[in-house]
Amino acid sequence: MAAVKRLKRVAALQPGFISFKSSAESDDLNSGRRKRVNKNKKKNWNKHSDIQDVEEFLDDVRLQERATGGLISEKPDDSLFFVDIGEQKKRVQPEVQERKKGKKSKSRPLRIDLILQHDSLVPPPKDVLAHQQPNAKKLRRIAENAEKLAAMGVLPRRQKRLLNRRPATKTSKAKTAANNFPDRPYYDLWGAEARETADPYYLEQTGKRRVKRPEKLNAKPSILPAVEVIAPGGSYNPDFFSHQVLLLEAHEVEVKREKAELRIERQLAVKREDTATEETVFQEQVEGLVEEEEDEDEEEEEDVSIRGGLQQEKKTEKERKRERADKIKSQQKQAARAFTDKKQQLFQLRSIQATLKRREQRTRERVAQRKANQEAEKSMPRRLGRLKFQAQDLEIQLSDEIPGSLRTLKPEGSVLKDRFKSMQKRNMIEPRERAKFKRRHKVKYVEKRAFKEIT
């Protein structure tokens, strides 16, 4: 309690401090009975400590700062006192007096504005967040680098793009021709294509005009014709030689098919050497029963040899120096050989030029061959799915099957199948195979009662 009173005295009796409030409670400083309190515990510090005088002192300081803009003790006398020389009568002109009598002065503020007006002389605290800038260090570093590059004459990337950008060409809107122009072009009013007089950009954005179709979509997937003309040997009354040429072509197709079947049979055939006999069966049964001891002895010898091979003798210092010197000599020899090879290349300029010419000629030939292959691939069916394209069998008749007239000609093939294979060959659809129907459950046969009665 004594410390609190001493703090009050120090706060109130500071040199040069003038209080706005009256010191009515100064008599109570010395009055009051001393109360014994245990202050060893922290919870009793705020409970039994009196800091009212300190708060009053701080409130008085804040009041002075609000009212006068600072402490009164620190202000000069000129701002606190003035010399009273009496009232000075101001001469007012009669015109001004009449004007004031007629109208009230508008410069006088309203009382509600005076109440809401800020009357504190303490300046508002500085808003730190208002002056802060996100990524200030990064932006400062970027600005410094830009200044350095500008001093060196290097433009930033964004400015280079702006300079390299093509200037926008001003497109003047198409003006509609006047109806009274006698030489204007005429068009068919009832024609299929209507004349577009609106802005093309407006038509594209509103969907009334289609976007230009890419040229790649207009290209055909194959250069083959939709309907191929049959060979002259396929006529109902063909020439002998043209018929023989068509027969030879069909014969070659059949020979290729037989060769493929024979190749598959040859690959699936079992060799006689691989067939099991009584001896091979007995050897398989006895294997691993007789030679176990010999195998164990061989494994022990191999382990001993491996362990002996892992142990390496330690090299002496003399051997290491010799190896190092040999390594340096080999490196020097390689460097000298490379230097001599470079010198020799000067005398091989003609041969080098000849090799370069041959290489260029080879590349030109490869480019031409690649272009020829690409042109040939345009007429060939591509691999569009998991199955390969299989050409349709040739529809041909043998020499003894050729009819004498068109009436006795037997129809062969199917138009639907021919069109389907043609679309596959022209890369319009992928090769397909017929879907296999598989029953989930077996068919159950039941004899009805009426059927049983009959049988």
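We count from 1, first residue shown onward.
For all residues, glycine too, the Cβ spot is worked out from N, Cα and C.
Annotation comment: TrEMBL describes 23-46, 91-110, 274-340, 357-380 as region 'Disordered'. According to TrEMBL, the compositional bias 'Basic residues' annotation covers 32-46, 100-109. According to TrEMBL, the feature compositional bias 'Acidic residues' maps to 289-303. TrEMBL lists 312-329, 362-380 with the feature compositional bias 'Basic and acidic residues'.
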For the region 'Disordered' (357-380), residues assigned helix / strand / coil by DSSP: 21 helix, 0 strand, 3 coil
Residue counts (helix, strand, coil, in that order) that DSSP gives for the compositional bias 'Basic and acidic residues' (312-329): 13 helix, 0 strand, 5 coil
Helix, strand and coil totals (DSSP H, G, I; E, B; other) for the compositional bias 'Basic residues' (32-46): 4 helix, 0 strand, 11 coil
